[in-house]
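Here is what Swiss-Prot says about this protein:
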ACT_SITE  80  active site
ACT_SITE  173  active site, proton acceptor
BINDING   78, 139, 196  Zn(2+) 1 binding site
BINDING   139, 174, 378  Zn(2+) 2 binding site
């Protein structure tokens, strides 16, 4: 039987960075390649029903091995890695018996406790890091490896009784499209868990309400020598737009349950400037107010510079799954119990982001989120503890056992 970290090291070799510009699903060929690898592996270890959809989703089911009426539990992870940094030619480094000090990644980069204050808690453990040139892909190939390892353990230990266990691997989660083509009905689970969290112990059933905002500003270009009273510099209007948003409600100045507006990208010249934002808030009313503020600013600037100068396009992305999970809190409570059974103190906190589970919960599949063990996702300083990965496998198995014993 393969160890969880061995699987993980194989999966990160496949470049699965998603790309929101391609407008196809999956957005990149590497995700389909990994999906085929995973499907073949699931068949090889003895999983009963395995299929890949035309959109690259991998679905599988380990059939029940007892007559008892047990809930059908799903475990879901995503195959893509974030577009923020390259996932090509990932060259993981294994740090055995970590000494609690700086880790030289290579290529001039150092992972240090001054940057990652949590590092010393992993002293004595085996860590997997990057070489400084790519992200690692623990988000979320660690989750994929943990699920398959748990499933193989069940197959090799038929004395462990369980109901139907549903497995799902999704593409394009990192660009907000992971649930777009998920076949909830065909998946057939009563509820599920995503393995897409970070630090060991994380258990999440609240997430941001999320929207994107595209702001387009049309200016007027006139020769600068005779521009007085005529020119409208769209770049400066864009600056004005940003300055009218709450200046302290940005990612780098917020935490916990605080929301924000995040300017992701700006492209511009005098005649036309485009701004791309994301809007996040845990509170439904606060979320509504943030979106309304974008339209209010556009109206104010259009009064100042002329109708049609500023156009705002808002698009909801996902909503806070809390309202869908709370009526079924046994799902969260079971995960808590499963963690405590293997010596982990659950860390319940809101997700300052989203997971496939957020949208799936509103599609009729309540899906809280469990840790994978990774840290510093989406960049060159990403790393994961092998011990945390092994504990995630234990938690999956404990959840399955608890429901089988009820």
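The backbone N, Cα and C atoms fix where each Cβ goes, glycine too.
From a predicted model like this one, the values you see are computed outputs, not experimental measurements.
With residue 378 (Zn(2+) 2 binding site) as the anchor, the candidate binding-site residues are 78, 139, 196, and the one with the nearest CA is 139. Taking the C-alpha positions, the distance from residue 80 (active site) to residue 196 (Zn(2+) 1 binding site) comes to 12 Å. Under the DSSP three-state reduction, residue 139 (Zn(2+) 1 binding site) is assigned to helix.
Of the chain residues outside the Zn(2+) 1 site list 78, 139, 196, 77, 140, 143, 173, 174, 194, 195, 355, 356, 372 have their Cβ within 8 Å of the site's Cβ mean position. Around the Cβ of residue 196 (Zn(2+) 1 binding site), the same chain contributes 76, 77, 78, 139, 140, 143, 173, 355, 356, 357, 369, 370, 372, each under 8 angstroms and 6 or more positions distant in sequence. In sequence order, 18, 78, 80, 81, 82, 83, 139 constitute the residues six or more apart from residue 174 (Zn(2+) 2 binding site) in its chain with CB-CB distances below 8 Å.
By neighbour count, meaning other C-beta atoms within 10 Å, the densest spot among the recorded positions 80, 139, 173 is 80. Under DSSP, residue 196 (Zn(2+) 1 binding site) is assigned to a strand (E or B) in the three-state scheme. In the three-state DSSP classification, residue 174 (Zn(2+) 2 binding site) falls within a helix.
The binding-site residues examined here are 78, 378; by Cβ neighbour count within 10 Å, the least packed of them is 378.
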